[in-house]
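Look at TrEMBL and you will find 1-465 tagged as domain 'Major facilitator superfamily (MFS) profile'. Annotated transmembrane segment per TrEMBL: 31-50, 62-79, 91-111, 132-152, 172-190, 225-244, 264-285, 297-316, 377-399, 411-435, 441-461, in sequence order.
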Amino acid sequence: MFLSSVGFSIVIMSIWPYLQKIDQTADASFLGWVIASFSLGQMVASPIFGLWSNYRPRKEPLIVSIFISVAANCLYAYVHVPASHNKYYMLVARGLVGFGAGNVAVIRSYIAGATSLQERTSSMANTSACQALGFILGPGRYFSLTCFALIGEKGVTWDTIKLHINMYTAPVLLGAFLGVLNIILILILLREHRVDDSGRQCKNVNFEEASTDEVQVPQGNIDQVAVVATNVLFFVVLFIFALFETIVTPLTMDMYAWTREQAVLYDGIILAALGVEAVIIFMGIKLLSKKIGERAILLGGFIVVWVGFFILLPWGNQFPKIQWEDLHNNSIPNTTFGEIIITLWKSPREDHSEGPTGCPVEQAWCFYTPMIHLAQFLTSAVLIGIGYPSCNVMSYTLYSKILGPKPQGVYMGWLTASGSAARILGPVFISQLYTSLGPRWAFSLVCGIVVLAILLLVVVYKRLVAFSVRHGRIQE
């Protein structure tokens, strides 16, 4: 999870400038499709790899999926070679990388099958912490772009294989190298292991050799209501964080009249700090869950997230600075998902001229919506940074316990697919609402969505129990 996260996050920074360089016909709308293709690929692949892992050794889907990601990264490095339609090659490459990322379902199902109920929360939290660390070390939205920029746009060319190594392809080639390293580690270190909820070794469908002291997998029906409810809650968790991550840059540029360079730097620092905060929360959850339980943490996390978005609602009588100047070619109209995403990739080196700053005059709400103060925004970010990791890890920890000791590959695939759908819809939802109606309506609706999630959690609260607890084999 750590190496995969690093490989993903270092590549994400180069997409927009690389797309502009290889195909002049690519616009912001197409960028939106390129970004969404990763989640679409993951959404399709997750149930497939999950089903595969239910009946075959988990090494197989893991190695194949990582190999697909490595091959897709190599394709990405060569998308500049064709004479035309380069943007479509990039679209395919990113979609295939996402398809390979469907192995998250296999990883979670492996952890669920290899741990007892008492070990589950701690193991899931460790996995999430590794994933968060990967995103912290890889991203540094400002730092990583600067480091790879030292290679330069021209870079070096390996004529024999027509490989061009520059500031755009170096990150993806490093991602491919990390993928190969991942495959080697899986071949050497991964061993099939399966226990029941009590921690006793049980029959392993993923491995042909059986031990004489193995116990049979307990029989019983899975609570499908709890399964569906957990999928919905997990969708909401990723939906709200995806939209928050998307809106950070345009919101700060509109409210505080930050230049593009300032927004990339300051927002990169804020998101990196939230990543560090998430790692701390993941570690704290391991201790807290033993005292108050996973369901209480999940409910508390949703409440904290709601408070965070409620604080983001505009108050007072101070209004943001209006961007009166005419929009120039180097300004960013907040009209589509792709155009909002651009600000996360835009390098300060690309344009040293400062375009107009402030809230664009095209957004009518700028004239009557109070500004969101910086302290207000930072407080909200801290609270969301507490609530999101709590809800995230508790969602799939509870989910794995509800499913019980049976193979969970397919179910974990559906959970991962719901998360991928959330990452597609969240940015589209917030970009359209924010642009047309402003932060007051956008964040009010988000608060409403979180309230509905809390109500759903309250309704199914008593059903979110472990499979063995529900069937009376273990006391909660």
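Cβ from N, Cα, C; glycine included.
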Top Cβ-contact partner of the transmembrane segment (441-461) among 91-111, 264-285, 297-316, 377-399, 411-435 (pairs under 8 Å): 297-316
Tertiary contacts of the transmembrane segment (91-111) (same chain, 6+ residues out, Cβ under 8 Å): 1, 4, 8, 11, 15, 30, 33-35, 37-50, 52-54, 58, 61-62, 65-73, 75-76, 79, 120, 123-124, 127, 396, 400, 407-409, 411-413, 415-416, 420
Residues of the parent chain within Cβ reach of the transmembrane segment (411-435), under 8 Å, 6 or more residues beyond its termini: 32, 35-36, 39-40, 42-44, 46-51, 98, 102, 104-106, 108-109, 112, 227, 230-232, 234-244, 246-247, 250-251, 334-337, 340-341, 363, 396, 399-400, 403, 441-442, 445-446
Per-residue pLDDT averaged over the domain 'Major facilitator superfamily (MFS) profile' (1-465), given as an integer: 80
